[in-house]
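This report refers to the structure that appears directly beneath it.
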């Protein structure tokens with residue numbers, strides 16, 4: 001009888017954690033699990049971690065996109081329990097505990113034991129998605145580069161235009177939404193026109209450009225209170241920004257915006273360059289979760305999670321960041337970071353034997369909110385204390401530097417800020433032809449051709 005071989009014991013499989021998204025929530029969850037006995041797969045649509053609060057500075061030429069978007073796999077390269085995967089998550093199979101993603105026509109299935117959904121949010125046009133073609137939002141590097149191209153291209157086209165009406169339209173910049181992003185964007189476009197580009201053109205005067213900030217609300221920066229909102233508005237007006245409140249946008253096209261004022265008046269603003277910062281809409285994955293579970297969504301599509309950030313019936317599935325609707329937690333970076341760390345700590349504790357039924361609820365610590373208005377001027381609210389002006393700007397600068405990833409990134413960003421804030425010069429004003437004409441390239445070229453034909457006809461008649 002031949003000897004029987006003893007069966008070899010298979011090594012126990014490690015707990016599998018899948019993270020969807022590489023933003024503040026996804027990245028911080030992965031880093032918090034660095035020393036945990038888990039295998040992590042982080043799936044994201046982009047190859048970088050985006051520091052979204054500074055996107056407006058990419059759009060206005062202050063810093064480069066590389067300074068706020070380090071490659072995710074480079075950030076996590078020393079964390080051996082993480083695998084970074086590029087792909088667009090199309091479905092979460094709750095019953096089968098599997099995430100389905102696609103990349104260049106190929107479909108992949110990634111099983112999980114614990115799932116952290118941190119897919120973020122996109123721009124909301126409140127049911128008018130066709131506005132996006134004419135008024136890009138600011139949620140990605142592509143958005144910021146497109147806006148930079150549109151802003152600088154408007155000045156370039158105005159320099160070549162012989163039509164006063166078209167020139168006025170090109171030099172009118174409209175920002176929709178008077179929240180932090182809108183305030184920061186309007187302020188930087190105004191400074192770009194007033195200081196950086198001053199004297200750079202021969203046919204136009206960049207300082208004559210109009211910057212309009214629109215909002216349906218009755219105040220600027222509503223979440224920060226009336227006092228700080230008024231101070232921000234006063235600073236913007238000093239820069240020459242026209243603030244129009246109680247103004248609801250009803251239509252957007254290539255040539256401008258239609259607005260309905262609070263008194264019912266409907267009017268038109270001719271503006272070639274529009275920026276949309278009026279609202280956000282959570283990832284469609286929230287709807288995917290709702291269709292398979294008892295979880296409900298709010299009006300913005302956010303998942304109404306339980307106090308432990310899990311979803312009803314699935315204690316191993318967590319939602320954090322902009323996708324999660326949690327009372328008292330704003331849709332800002334700190335909410336995503338703190339939520340992600342809480343979930344990672346929960347997973348580690350339960351792997352060590354903690355009872356899932358005894359989870360402590362997530363507690364958010366409000367570290368304050370802030371917005372820059374212009375060089376050396378910002379507004380900030382930390383607890384009950386309010387700051388404005390230079391002190392608030394210093395607080396803003398220090399905190400944003402602290403949260404940037406990597407020593408080299410911090411240094412290069414600080415150098416870019418130093419050059420811009422002390423000299424008004426900006427080092428990132430190069431645009432490509434694709435960025436300049438962006439999504440409306442064919443229409444813009446047709447308009448230029450029509451104007452050229454009109455000028456030629458006029459010259460022929462005159463001769």
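We count from 1, first residue shown onward.
From the backbone N, Cα and C atoms, a Cβ is placed for every residue, glycine too.
Database features (Swiss-Prot):
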type     : residues                              : note
ACT_SITE : 184                                   : active site
BINDING  : 21, 22, 23, 24, 25, 89, 322, 333, 334 : FAD binding site
TRANSMEM : 387-407                               : transmembrane segment
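What Swiss-Prot annotates, mapped onto the structure for a quick look.
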residue : record           : DSSP class
21      : FAD binding site : coil
184     : active site      : helix
322     : FAD binding site : helix
334     : FAD binding site : helix
### Alpha-carbon distance [residue 184 (active site); residue 21 (FAD binding site)] in Å
26
### Task
Fewest other Cβ atoms within 10 Å: which of the binding-site residues 21, 23, 25 wins that one? Let me know.
23
### Summary
The answer for the transmembrane segment (387-407), taking Cβ pairs under 8 Å and residues 6+ beyond its ends, is 49, 51, 53-54, 67-68, 70, 75, 228, 231-232, 333, 370-372, 376-381, 413-414, 417
### Task
Between the Cα atoms of residue 23 (FAD binding site) and residue 184 (active site), find the distance and write it as a whole number of Å.
21
#### Entry: Fewest Cβ neighbours within 10 Å, where candidates are the recorded positions 184, 322
184
#### Entry: Spatial separation of the residue listed as 'active site' from residue 334 (FAD binding site) - C-alpha basis, Å
19
### Message
Give me the CA-CA distance between residue 25 (FAD binding site) and residue 184 (active site), in Å, as a whole number.
### Response
24
### Message
Give me the CA-CA distance between residue 184 (active site) and residue 322 (FAD binding site), in Å, as a whole number.
### Response
20
